[in-house]
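Copied over from TrEMBL:
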- T465: Ca(2+) binding site (BINDING)
- C270-C304: disulfide bond (DISULFID)
Amino acid sequence: MRTCMRGMVTRNWQLHSTNCSQYPMASFNGWGVSLIDGLDTMWIMGLYAEFFDSIPLVANMTFALAPPNYAPFFETVIRYLGGLLSSYALSGDPILLSRADDLGTMLLPAFNTTSGLPAYSVNTVNGKTRSGWNRDNVLWAEALSCQMEFKYLAHLTGRAQYYEKVEHIMQIMYNTTVSSGLFPTKWDVDLGTPTNKDYSTGAFGDSAYEYLLKQWLLTGKTEPKSRDLYLKSAEGIINNLLFLSPKRKLLYVTDLAYETPTHAFEHLSCFLPGLLALGAHTLDLSPKDKELHQWAAEGLAYTCYITYADQATKLGPDVMIMDPWTEGNRAGTWVNHLKDWEEVGRPGGVPPGLREVPVMGPGNRDYGARKTAYLLRPETVESFYILWKTTGDVRWRARGWSIFEAIEKETKTKSGFASIETVDASPSPMRDEMPSYFLAETLKYLYLLFSEDDLIPLDTWVFNTEGHPLPVYTWSNWERQRYHIP
């Protein structure tokens, strides 16, 4: 997922940390994040010898952090806890569940805030918490991206606290009145209320929208409140955050800052087409809404592809600023262009934002790169994989193959793969880092995209935001009573 992890992995899975200013410890606690993040990828790829060679290392993990060190809650949940739970679900090895239960217990003090929203970080020995760069705020993505992991852990262990802590957060969201289905990106940890009027599917909000749909799917479609929140949010995103570029009519998603679009388009937001496609595939939508969600998914995914194809390396930049329309900031709103197209009889049969366009070189594009690096991120190939599985359109495979070839050509080193500094220069200078999500997500989604077997069926497994598949389950009667599930 979706933040900054730094560090280079060598063949013996040791992590060499480098500086990462946003987080207090670049190696995410020093517990071997690349090993845990990569376990389920090894299993899925059939690397069973390597998988079982790793089990003794996991068995000896204590997850202890000597004070004054703190574990970032969000990253620890999605990478470590998600990785352990997924590997257990795939392999059935009880050691993995035991370690997941240990870690889950150690992370529970993060919820001991006045509101119940999680603190930024927690010490796993003494349970003390600490705020981060955002001070007394929690990002919406960080507060809403623990439900899948802790609810599944509650299902496996019968420990009510796991369910109650994260469902309390959901209750806060159910009881909050928000504008147009969009949730602000920052929340007061003490009061449990929003502290800004910014809306985003980028780093501050992305996986929260994702978990609204996915926790409903994961629990066997038995928690309709989260589904309803997703539907309202998806409508809000489509109506307010989707825009067309003026030149090639590329469909993109951006942020609103106090109702004003920033026209920033993050690579992180390229998860959204996959989410919308998954929703269109699994939800009982009206034919009109299903068509709308599917169009949005395909148009956004195509733009993500074009931002790769435009570059000299054929890899996409981390953040772009899209050109606005000269008529004003709101002139490019996708739903307005879509309405105009439908009113004149849908000429060409392809809605605006989905038409294939020529690749453009520097100076001729619809955007400029604010951050030129490619950080080995998975979001684009993740969406291609979901679109391939839900539509059967081979173009998503072909586009994914071009990205795989570019990764091989531009980022491969003797000891792994490296992020690169400048996507529009080939070869580009490399960074001394390989994020653990490259193993957990990028390689996994590429492997699944080209596998002829349906290794992880989307109707029986749900991926967490770090690409860790968890099996669909339903709450039993005793669980409903114990956890007070309606």
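Please read every residue number as a count from 1 along the shown chain.
For all residues, glycine too, the Cβ spot is worked out from N, Cα and C.
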For the residue listed as 'Ca(2+) binding site', just count the other CB atoms lying within 10 A of its CB, please.
26
Between C304 (disulfide bond) and the residue listed as 'Ca(2+) binding site': CA-CA distance (Å):
18
Which chain-mates of C304 (disulfide bond) that are at least 6 residues away have a CB under 8 A from its CB, listed by sequence?
H267, C270, P273, G316, E379, T380, S383
